[in-house]
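As structure tokens, the structure follows; a few thoughts come after it.
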Amino acid sequence: MPSTKVAALSAVLALASTVAGHGYVQNIVIDGESYSGYIVTQFPYESNPPAVIGWATTATDLGYVDPTEYTNADIICHKNATPGALSAPVAAGGTVELQWTTWPDSHHGPVISYLANCNGNCSTVDKTKLDFVKIDASGLIDDTTVPGTWASDQLIAANNSWTVTIPETIAPGNYVLRHEIIALHSAENTDGAQNYPQCINLEITGSGTASPTGTPGEELYTPTDPGILVNIYQSLSTYVIPGPTLWSGAANNAVASATAAASATATPTTLVTSVASATDSPSTVAPASSTTATSVLTSVVPSVTSFVPVVTVTDVVTVTTVITTTVF
């Protein structure tokens, strides 16, 4: 009897660890204004959830998309994603801070952000028609010790947040910002990488004219990309950030180059991407009509610890084995 109850307790705690361990973007701060993301631990269970800029998903287990699904629409904005009803205004050159609920420190990997022009209202866009341009990317920062310091570690150190600068030269219009962490803690195994894509709607303003050519979401990665199938538990002389090349018009942020490596002497390698004009033929795009989010939606952001199991043990049980849980 006692051993049965200990096993049951262990199972419940393991489930709680899995649910609470992975994160999602719960809040977005744009030029000082806060907007709610899609609260996947709450909204799916409400009969009338609020309209937000974040895309809805069915990933209530806070799970991931693996490489077997790279040609599936789920890789675009997560499981069964549908567009957010609202868009948040941001000026070209402005910043977007994406605040995650949490992120496990064992889940090392790159942080990548893309923009895709909706060419209309993002609330009704067909996600499979979106072409994504990489505007921000950071991967391996320091390989002094295995498994190294990664962009995900910087995100954790920044209170589980990541700031993306909207390129100054991008043409105005309605865009989807696709923001993603790729966890590589199991990536030495085939299909072991874990993608956690998050999408929000933006209405970009400004006088830019650049309309760079993008890549469909289902073509961003392959299971054998060197930055996807990789063993981070050995010293890496090179790490190639997955996906298309960083756009030349991306903001002048310090990022890990898509082709640069941490040096053999274990000195952190950080390159600054220079601001340059897009090589694509520029065109002026006027924003289509959209529903703009104007209010701060703070009341819908719940506590991170939204799932806390309650376990009652009526018998006195002596446990001599330490039970540990692992976040997968």
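Using N, Cα and C of the backbone, Cβ positions are placed for all residues, glycine too.
Of the listed residues (T58, T245, T321), Swiss-Prot tags T245 with O-linked glycosylation site; the rest carry no such note in the record, though that does not show they lack it.
Checking S87, S161, S235, S306 against Swiss-Prot for the annotation O-linked glycosylation site singles out S235. Annotated Cu(2+)-binding residues in Swiss-Prot are H22, H107, and among Y196, Y221, Y233 the one listed with them is Y196. According to Swiss-Prot, the listed position annotated as O-linked glycosylation site out of S34, S237, S303 is S237. You'll find the Cα of T245 (O-linked glycosylation site) roughly 28 Å from the Cα of N159 (N-linked glycosylation site). Closest in space to C199 (disulfide bond), of the recorded positions given as H22, C122, S237, is C122, taking the CA atom of each residue. In the three-state DSSP assignment, the secondary structure recorded for C122 (disulfide bond) is helix.
In this structure, of the disulfide-bonded residues C77, C118, C122, C199, the smallest number of CB atoms within 10 A of the CB marks C118. Ranking the recorded positions N159, Q194, S235, S237, T238 by C-beta neighbours within 10 Å puts Q194 at the top.
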